[in-house]
Amino acid sequence: MKTLLLTLLVVTIVCLDLGYTLECHNQQSSQTPTTTGCSGGETNCYKKRWRDHRGYRTERGCGCPSVKNGIEINCCTTDRCNN
């Protein structure tokens, strides 16, 4: 009986997503879209945009960093929301 209960517990853990991980885009500027799973219970994705001598630059990733004046940042909370 204990073995059956242990087996059911293991199957439940394997079948359920107990550790949900947010997925964010992480490509830079106009590169081919790629994604990454965020670690440490991160709940935000970001898209940061600024202009330099090469034109507009874009950075994407996990989190919601603080930025300096002149840098546009958009933070969001759903999978792949920062494209």
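Placement of Cβ uses the backbone N, Cα and C atoms for every residue, glycine included.
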Considering the candidates CYS15, CYS45, CYS62, which is the cysteine that Swiss-Prot reports in a disulfide bond with CYS38?
CYS62
Partner cysteine of CYS24 (disulphide bond, per Swiss-Prot) from CYS45, CYS64:
CYS45
So CYS81 is in a disulfide according to Swiss-Prot. Which of these is its partner: CYS75, CYS76?
CYS76
Of CYS24, CYS38, CYS75, CYS81, which disulfide-bonded residues are close to ARG57 (site 'May be critical for toxicity'), meaning a Cα within 10 Å of its Cα?
none
What subset of the recorded positions CYS24, CYS38, CYS45, ARG54, CYS81 lies within 10 angstroms of CYS75 (disulfide bond) at the C-alpha level?
CYS45, CYS81
About how far apart, in whole Å, are the alpha carbons (Cα) of CYS45 (disulfide bond) and ARG54 (site 'May be critical for toxicity')?
25
Check each residue in the chain of CYS64 (disulfide bond) that is at least six apart in sequence and keep those whose C-beta is under 8 Å from its C-beta; list them in sequence order.
ASN44, TYR46, ILE73, CYS75
